[in-house]
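Annotated features in TrEMBL:
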type    : residues              : note
BINDING : 25-32, 72-76, 134-137 : GTP binding site
DOMAIN  : 17-189                : domain 'Era-type G'
DOMAIN  : 220-297               : domain 'KH type-2'
REGION  : 25-32                 : region 'G1'
REGION  : 51-55                 : region 'G2'
REGION  : 72-75                 : region 'G3'
REGION  : 134-137               : region 'G4'
Amino acid sequence: MTHSAPAPDAPETPTTYAGFVAIVGKPNVGKSTLLNAFLGTKVAPTSPRPQTTRRDVRGIYTLGERQIIFIDTPGVHKPKDALGKYMNHEVHSALADVDAVIWVVDLRHPPTDEDSLVAHQIRDLPKPLLLVGNKTDAAKYPDEAMRLYRALLEGRREDLETSETMLSAQNNTNAVATLREQVLEGLPENPFFFPQGSASDQTREMWAAEIVREEAMKKLRDELPYAVATRVTRWTEREDGLQRIEGEIVVEKNAHKGMVIGAGGKQLREIGQAARKQLEVFLDRKVYLGLEVIVIPGWREDEEALRELGYE
Ligand SMILES: Nc1nc2c(ncn2[C@@H]2O[C@H](COP(=O)(O)OP(=O)(O)OP(=O)(O)O)[C@@H](O)[C@H]2O)c(=O)[nH]1
């Protein structure tokens, strides 16, 4: 038997560290804002409306030998329909496989039942847990609120790693960077899961459709934002760089169609313009965005339609 010694000048493979970190919390606390702040770019939709995030979005941050895959989850809430159930399931499955959990709470208000629901899901997980008190910029009694949120974790085993911080995901770049640093330090030894340059695991079509949905959710009133889905059906690139994107806004009822389009098409035009502006900023290219409103009756309760719209 012969032994071949490694060539003396073979380059040493550096040790890498990588892991998955779930960002959880009830709707509207600022999870997607925090994810975008961690990455310094926009991968997840945000809006003043609760339940903007519907599927798990992965945001990838790589620095030197370390890679974090953040999983932004839909807000945990009491589900009203099949879409709601799907959203809660997304949270549950995200938690099963992660290396650490970031729990975001809104310090402007004391905890509600929905926060207790989240706390209940994560309290006994044998993984490092970071409690992030968000929106300090707008909170009147941040310390008191933080104490109440902390109390929801009472009973968590002492030997499990738990830490906390208060910040504003929207305005506090330094605090966000410090938190990211802390997550980087805690990563387990692993090969990278994604190529170094990638920021997200979404296709560009999914990403653009989410931006259209974000703008639609901001503009529409009452229950309508929740009855809307979006998808990109065609994306072509012209030789001069113009991105031609065609998409659909899907509603549940004929009556909703007119409400999305608005008088003389005004509302649809505004949604399209706002989405196009965002797309142009993030793509750094000129964008043509064509939107059509279509009806898929009762899509939120229709498993097949949900799958077709990418909620699977
Ligand atoms: N004042 C203030 N507002 C914030 C801060 N972070 C987020 N927000 C706002 O809170 C709202 C909700 O933010 P999102 O990031 O969409 O919240 P989310 O938790 O991902 O929401 P869901 O998708 O419903 O789960 C938006 O209007 C944000 O601009 C903050 O630090 N300060």
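Each residue, glycine too, has its Cβ placed from N, Cα and C.
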*Taking the binding-site residues one at a time (Gly25, Asn28, Lys31, Thr73), which has its Cβ surrounded by the most other Cβ atoms within 10 Å?*
Lys31
*May I ask for the residues of the chain that lie six or more residues beyond the region 'G4' (134-137) and have a Cβ under 8 Å from a Cβ within it?*
29-30, 33-34, 104-108, 166-172
*Tell me, what is the mean pLDDT of the region 'G3' (72-75)?*
72
*asked:* When DSSP is mapped onto helix/strand/coil, what comes out for Lys31 (GTP binding site)?
replied: helix
*Filtered binding-site residues, from Asn28, Lys31, Thr73, Thr136, whose Cβ is under 6 Å from an atom of ligand 1*: Asn28, Lys31
_Under DSSP, is Thr136 (GTP binding site) part of a helix or a strand, or is it coil?_
helix
